[in-house]
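Asker: This is the structure I have questions about; it appears just below.
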Amino acid sequence: MARGNRASSSSGALRCLHPLYYLKRPKRLALLFIAFVLVTFVVCDRQTLMKDELRQYTGEEDRRLPVVEEDPIDIQRREKVKKAMLHAWNSYVTYAWGNDELQPQSKNGADSFGGLGATIVDSLDTLYIMGLHKEFQKAREWVANSLDFNKDYDASVFETTIRVVGGLLSAYDLSGDKVFLEKAKDIGDRLLPAWDTPTGIPYNSINLAHGRPHNHGWAGGDSILADSGTEQLEFIALSQRTGDPKYQEKVEKTISHLWKNFPSDGLLPIYINPHSGKPSTSSYSTITFGAMGDSFYEYLLKVWVQGNKTEPVKHYREMWETSMQGLLSLVRKTTQSSFEYICEKTGSSLSHKMDELACFVPGMLALGSSGYGPEDAEKFLSLAKELAWTCYNFYQSTPTKLAGENYFFHGGEDMSVGTSWNILRPETVESLVYLWRFTGNKTYQEWGWNIFQAFEKNSYTDSGYVGLKDVNTGAKDDMMQSFFLAETLKYLYLLFSPPSVISFDEWVFNTEAHPLKIVTRLNQGEGITVNWIESQNRNPDLGSLGGREV
């Protein structure tokens with residue numbers, strides 16, 4: 001009997017679990033549903049309470065970020081810049097495909113860099129970032145099938161590194177397409193013999209087909225500071241991506257040599273003997289943050305950023321901070337409008353001249369300011385703002401609202417144009433991007449928009465964009481520089497994009513504005529990061545604007 005009763009009770013309980021039981025009894029179904037809802041609310045509320053208690057106990061804040069809507073004006077301006085990029089690109093495709101650069105007025109191509117398709121390689125990452133997928137694929141196919149480095153041509157090691165090696169590596173970091181890495185390795189191998197000197201300071205020119213590195217005759221056999229100290233980002237990245245240490249070892253030997261004899265003010269003249277390693281003492285060897293000196297200082301900071309600011313790259317930061325103290329000694333201010341500017345120095349004599357090329361300095365200072373303590377950080381960020389105002393007025397002070405190549409400051413008076421051409425340079429806009437991202441001040445966006453409108457008014461033609469022979473008269477030249485697509489338009493696009501698009505926390509820009517992934521450097525003696533790419537997020541999220549679908 002006992003067994004029979006238990007079986008009967010069990011059968012009754014099982015009945016309650018059968019769906020048909022409730023379909024025949026709708027009141028009980030409703031009660032069950034209400035009970036389920038009440039239990040769910042109690043459980044969810046308890047979980048939320050436990051999470052809140054945990055945050056209160058640990059001090060952890062709720063990290064859910066608010067949804068921030070983009071400024072419609074930014075979106076509109078970004079699209080205008082994208083339209084300009086399409087016009088520049090399509091004009092190049094139509095009239096100069098495969099050549100290095102487009103001559104818009106004569107509608108011809110020019111091979112300024114030995115016929116390496118510089119505009120194509122320089123444009124790869126800009127096309128990708130702007131989400132121009134069809135155009136990127138066309139460029140990718142040309143690189144895969146037509147880009148040939150076996151040319152009997154004496155190439156500039158500097159220009160080829162920053163444009164071609166940098167452009168290919170950036171395209172690889174963005175897309176993960178190994179064709180770009182293979183091509184970067186090919187050209188890197190062809191450039192590498194340039195570092196075969198007693199000091200490791202490279203020759204600045206090399207024949208791509210036959211080797212035979214040498215220096216330019218007009219430099220008197222010396223190497224140029226910027227040309228010798230502006231390959232570190234690209235060749236370190238090449239070693240990291242391939243796992244082959246030879247590229248990094250070559251370019252870091254240059255810095256190691258300079259580090260051993262670094263001057264107390266961190267300022268080096270623009271000519272250095274590659275055999276003795278000593279700076280030139282000739283009367284024409286100038287100290288400058290403009291042409292032939294500029295990007296050496298830029299790369300001291302950026303290699304530190306590229307290595308994720310770790311111990312193995314600490315000496316780069318130390319060298320850079322020393323140079324920034326030297327920079328302060330070159331800064332002067334006009335009496336009329338209080339424009340701060342950077343002088344050049346030859347021997348003990350100061351020249352009150354500043355290149356537009358030196359307008360990268362405000363961005364560099366903004367980027368480097370975060371590595372200082374609070375007092376120095378504020379001092380250098382303040383200087384960055386003052387120099388950016390001066391650089392913006394390089395544009396605003398001319399009838400065309402485009403900057404000349406350099407400016408003079410006579411007797412403390414305000415600026416006057418020296419060399420009056422404009423070749424579509426990016427440096428001022430570059431600094432505006434950094435200052436906008438680090439300060440959040442939209443004034444820098446307004447300045448950038450005014451510069452873009454001046455390019456549209458004065459440099460636009462039906463067949464591309466041209467520079468100006470004279471910013472006072474507006475007379476046009478006949479060249480669309482490849483860096484206009486690689487740098488000027490890319491920086492303008494980023495100026496009106498969310499900071500998450502190519503975040504400064506994840507990317508570092510080479511001097512041709514090619515973004516490279518930041519990779520933490522290993523301790524000295526542990527070798528090169530092998531298979532680094534597996535630890536990276538392939539096809540990285542570039543925000544709502546990126547090219548993930550490529």
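Quick reminder: no glycine exception, Cβ is built from N, Cα and C everywhere.
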Asker: Regarding the disulphide bond with CYS359, report which of CYS44, CYS391 TrEMBL records as its partner.
Answerer: CYS391
Asker: Just give me the nearest neighbour of CYS359 (disulfide bond) among the recorded positions GLU159, ASP294, GLU405, GLU427, THR511, Cα to Cα.
Answerer: GLU427
Asker: Can you name the residues of this chain that are 6 or more positions from GLU405 (active site, proton donor) yet have a C-beta less than 8 Å from its C-beta?
Answerer: ASP355, GLU356, GLY418, THR419, SER420, TRP421, ASN422, ILE423
Asker: Counting every protein chain present, what is the number of Cβ atoms, excluding its own, within 10 Å of the Cβ of GLU159 (active site, proton donor)?
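Answerer: So the number of other Cβ atoms within 10 Å of GLU159 (active site, proton donor) is 20.
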Asker: When you measure from the Cβ of THR511 (Ca(2+) binding site), which residues in the chain that are at least 6 apart have a Cβ under 8 Å away?
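Answerer: Once residues fewer than 6 apart are set aside, THR511 (Ca(2+) binding site) is near ILE162, THR230, ASP294, SER295, GLU298, TYR299, PHE360.
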Asker: In sequence order, which same-chain residues at least six apart have a C-beta under 8 angstroms from CYS391 (disulfide bond)?
Answerer: GLU356, CYS359, PRO362, ALA403, GLU427, THR428, SER431
